[in-house]
Each structure stands twice: as structure tokens, then as C-alpha cells.
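Record features (Swiss-Prot):
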- GLY33, GLY34, HIS35, ASP52, ASP97, GLN104: S-adenosyl-L-methionine binding site (BINDING)
Amino acid sequence: MQSPHIPVLLQEVLDAFDDFDSGDFLDCTLGYGGHSKALLQAHEKLRLIACDKDLEALNFSKEFLKKFQDRISFNHIGFKDILTQIPTQNLRGILADIGVSSLQLDKNDRGFSLNSDFLDMRMDQNNLLSAKEVVNSYSKEALEQIFKDYGDLAPVASMLTQKIINARSQKEITSAKELSQIIGNAKLKGRNVSLALLVFQALRIEVNNELGELKSLLENIEKAKLKDCKLAIISFHSLEDRIVKNTFKRWEKDCICDERAIKCECGKGHSLGKILSKKAISASKEEISYNSRSSCAKMRIFYFR
């Protein structure tokens, strides 16, 4: 059985956890099982806690990883909540791949791709909010803010929003294909990506509360007070990467006094561990050549002492 999704930064993930000895490993975003399968093969004493809010992906991976079923517990739950639901005392590794899988992007009825006949974009099909509702019911001001914040489209956000408002006043926008035609194929100056792709990114982030979920995951990881545990997070756009980078920096700080303070008053001793990736780890040219979607991937690693 073959996975329909190519896991990004696979070798880099294996390298990050090459010193894993034994204990529990949490894959916060199991998806179609590519990373987890490689880790299970590499580490015979690894016990996998696998979770995903996409039930379709979870059911696929149960079959895909059947060979290792006695070492896996499967959980249909979003990654932001998993740390509150599992024992953490034996947790030695955590991986979170905060991206949309190839299958989700390519599957017509999920409504992620520009040519889809649907306008959905929900990673969890139980969620009530879809891209169709956002596009057709959000106010002009709300849509404009989403495009500015999540699509980095400030120079053209007002113009793009007006196009959508004008179109939906004539008839409901019901497909991704229709929306991409409304937006058009133009590109921002100096950016090698279409406006439509950036609009779709912004809508997907809004529909799935992606930044909020990532922040909640990081908060729950911090509250878990992990010891001797390595965390690797793969993100796909600058907003996510910035959140991870800044959180890791804060976790590493020994002194938490205001930077303007003349001398330390906190007593130090607040560091949770160490950043193991001073710079974000990116895909190699070789990987990008056979998996173009890996070109945006960035991985950062933190070790909890």
C-alpha cells in the first residue's frame, strides 16, 4: 500500500530524531502517515501517538500503518488539543506538520484547489464554517482584513474584496473555480505567486483557524512541562514560521525581565530548553525538484531539557 502524499523534509525529520532511543512519540498531524512510517521503521522501540482531525486521512493511515498497529494509538482530534488528552511523562518526541496534504489539495470535493468545483477548504469536515460561507457572508471589512493578515495582500486587498462583493451580489459564489476566475491570474509586483493562490491561502487559514490552532498547540506544549523531549514543527508560510520562531526564542530565554530593565530581577532559571535549529531548515534542491510543494516548508526544532 502506497501513500498518496509525499511527506516533506522526510530525511530532515529522520535526522532530527536520529538519537531517539525509546518512549512515546507524538505525531500531531498524522495525515497519510509518511513521516510516522519512516520513524516507526527507524526506531523499533518507538510508540506512536497519532492524531489528525481529518477522519479520511486517519482511516487511510490505520490501514497504511497496519504493520505497526501494536505500537500505535490513533486519535481523531485536532492537534491543538492532543496534549491535554494524553499522558506526557514518557513523551520523547513531537512532530507537527502544519500544512495541507497533496490529497486534500488535489481532491475536487475538498475545495482547496483553484480548479475545484466546490468551495469548502475545511480540514475537519465536522466544522461548520466553510470557505463558501466566508466568501458569501463575510462583510467587506472582514474579508479585506483576512486578505491583509493571512494573504499578505495589503496593497490589493480592497480591490480584491470589491471584486468578490460585486460578483456575489449577482449570484452566490459556489466553486473554487468560479472564485479564482473572479480574482484573476495577476501577480503582485516582485512576487512569483498569483493573487488567487494568496486569496485561497488566506481563506484556508480563516476557515481552519490555523494560526489560532498553532498558538494553542504551543501553549499546551508549554503547559505540559516536558522533559527530555524534542519538538519539530514544519510550517509553510511566514505567519506560522514567525509564531514558531518567536515562541522558541521565548522558551529558550533564561531571563524573562523586560528588555529595558537595567539588571535582572527575575532570578533567571526560566529557560525550558534549547533551540536546535538556529535557522529554519528548508527543503533541498533535489527534494524541490520532485516535490515542488516542499519549496515553502520550514522546520524548526526545540529540545526540552
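Each Cβ is built from the backbone N, Cα and C atoms, and glycine gets one as well.
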| Cβ within 8 Å of the mean position of the Cβ atoms of GLY33, GLY34, HIS35, ASP52, ASP97, GLN104: remaining residues of the chain near S-adenosyl-L-methionine | HIS5, PRO7, ASP27, THR29, LEU30, GLY31, TYR32, SER36, ALA57, SER61, SER101
| request: Ten-angstrom check, please: count other Cβ atoms within 10 Å of the Cβ of ASP52 (S-adenosyl-L-methionine binding site), all chains counted. | output: 28
| field | Annotated S-adenosyl-L-methionine contacts GLY33, GLY34, HIS35, ASP52, ASP97, GLN104, maximal Cα-Cα distance (Å, integer) | value | 17
| request: Going by DSSP, give the three-state secondary structure for ASP97 (S-adenosyl-L-methionine binding site). | output: strand
| Which of GLY33, GLY34, the listed binding-site residues, has fewest other Cβ atoms within 10 Å | GLY34
| If H, G and I count as helix, E and B as strand, and all else as coil, what does DSSP give for GLY34 (S-adenosyl-L-methionine binding site)? | helix
